[in-house]
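S.K.: Can you keep this structure in mind? I'll have questions shortly.
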Amino acid sequence: MIEGVSAPQAGDVLSRGLSVRALHNAHAGPFAFDVPAGACLVITGVSGAGKSVLLRMMADLDPHQGDVALDGRFCSGMPAHRWRRQVVYLPAESGWWSDSVLDHMPDDALTRELMAKAGLRAGVLNDPVHRLSTGERQRLALVRGLRQAPRALLMDEPCSALDGGTTLMVEAMMREAMAGGTAIVLVSHDAAQATRMADLRRELAQGHFVGADS
Amino acid sequence: MTPILLDTGDMILAGGLIVGCVALSLVLSLGIHRTLIVAAIRMAVQLVLTGSVLLFVFGRSSVWLTLLVLAFMFSAATFEVGSRQVTRLTRAWHFGIGGFSTATGTVIVVLVGLLTALQPHPWYQARTAIPMTGLLLGNVMNATSLSMNTLLSMVARERAAIEARLILGATRAEAMNSLIRQSIRTALIPTLNQMAAAGVITLPGIMTGQILAGMNPLDASKYQIVLMSLIVSGNMIGATMSAVLTSARLSDARGRLRLDHLAR
């Protein structure tokens, strides 16, 4: 565990990292928790517990009450697109706005480097999106997100379609991002992955965290 | 040169053609026979009524009567523009955006037409203003409705793609612009086809009408050119407005995609 992860006081937020305050909508929350820069919060819970809802609210993709701060600056205090550029949500099913991978990311050194780390063959850049496997799309979406050098990553089952070895490669990428100060919120069904990655853990059930400290 | 008038026999022939289409629909299981019958009866009743009303209105030359007829036409267009769409906004917004876009596009080009090219005296003369408005209104309504329909169904289908852009920090305009453009293009394709085919493949309606009514074909073609230009301009305005307004309604100030604003 990392310092500064005790139950947050209302009003004060982390100067480095994510601070969620009274975040809720009609179905889930309120949530209040901190994820310091460089730490990983793993959220577990059965399907329909509200994990994706929580991540979507944190990315300001769904209407909600309450607020989230990144490095002491609140989401509501900046244009939404600037917030999302720094707090990148990776949904379980990645979306693609054209059938060409190169419309989503340029073929440059950074892309190549991230692809190599994710165990992707260079050829996928020139393949049509619909021909890629689910696992390839999943990792390309991660590459696409990491290219932005986000300050926070909200990941919904990022390794659900990956084999054990590739999962470890993706986790290494996540650790590298954390070493650079990125805060990660990871939704995972994989208990072993949760154990490997978690600095903090929470369990969600019926729209609320289970346990005393939330 | 007097126009050739149609008699009862001609009307029965027209009815027979519709019956033939209904039979075809049944034989081929197209499932459009009911719609077709309703549409045919509506068309006949509406046109006969319109003919009678116009006969009456032209005889009066009252501004208020003309405005009343126009108001009725715009209300009907507002209703029609929002019908027949599978994916819809909630009721008030659906008809509001459709009607507002159609009316704006139409009014602008009708005024341009009446105040510059046609210049009837007075400029609101019913004999010119009402048919002009009717012609343009119908066209703008089609374009607006196509544009809205295309955008609504694309946004509903492409949710993941739009959100993929938003997630990476696109503004709502950046995320939806390509869909807006595609909707406007789709809405204008019929008009563009009509313009390209005009005179070569088809004789456009106004020109045909004018020639049948005895006008010199060259004069009729000039008439058609001006009206076609007004039509394409009105369509462009209507289609653009409805696409932009619809996309605005399907997103919010925080740049979120708001599919909850669709009617369910």
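Yeah, the Cβs are placed from backbone N, Cα and C, and that goes for glycine too.
Fair warning: this is a prediction, and the values are worked out from it, not measured in the lab.
Dumping what TrEMBL says about this protein:
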| type | residues | note |
| --- | --- | --- |
| TRANSMEM | B:12-32 | transmembrane segment |
| TRANSMEM | B:39-58 | transmembrane segment |
| TRANSMEM | B:64-83 | transmembrane segment |
| TRANSMEM | B:95-118 | transmembrane segment |
| TRANSMEM | B:130-152 | transmembrane segment |
| TRANSMEM | B:195-213 | transmembrane segment |
| TRANSMEM | B:225-248 | transmembrane segment |
S.K.: Against which stretches of its own chain does the transmembrane segment (B:12-32) lie, if we need a Cβ under 8 Å and a gap of at least six residues from its ends?
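M.R.: Distant Cβ neighbours of the transmembrane segment (B:12-32) are 40.
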S.K.: Are there residues at least 6 beyond the ends of the transmembrane segment (B:95-118) whose Cβ is under 8 Å from a Cβ of it, and what are they?
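M.R.: Residues 74-75, 77-79, 81-82, 89, 124, 128-129, 132-133, 136-137, 140-141, 143-145, 148, 226-227, 230-231, 233-239, 241-242, 245-246, 249 contact the transmembrane segment (B:95-118) from elsewhere in the chain.
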S.K.: Please indicate, using numbers and ranges, the residues of the same chain that are 6 or more beyond the transmembrane segment (B:39-58) and have a C-beta under 8 Å from a C-beta there.
M.R.: 15, 18, 65-66, 69, 126-127, 130-131
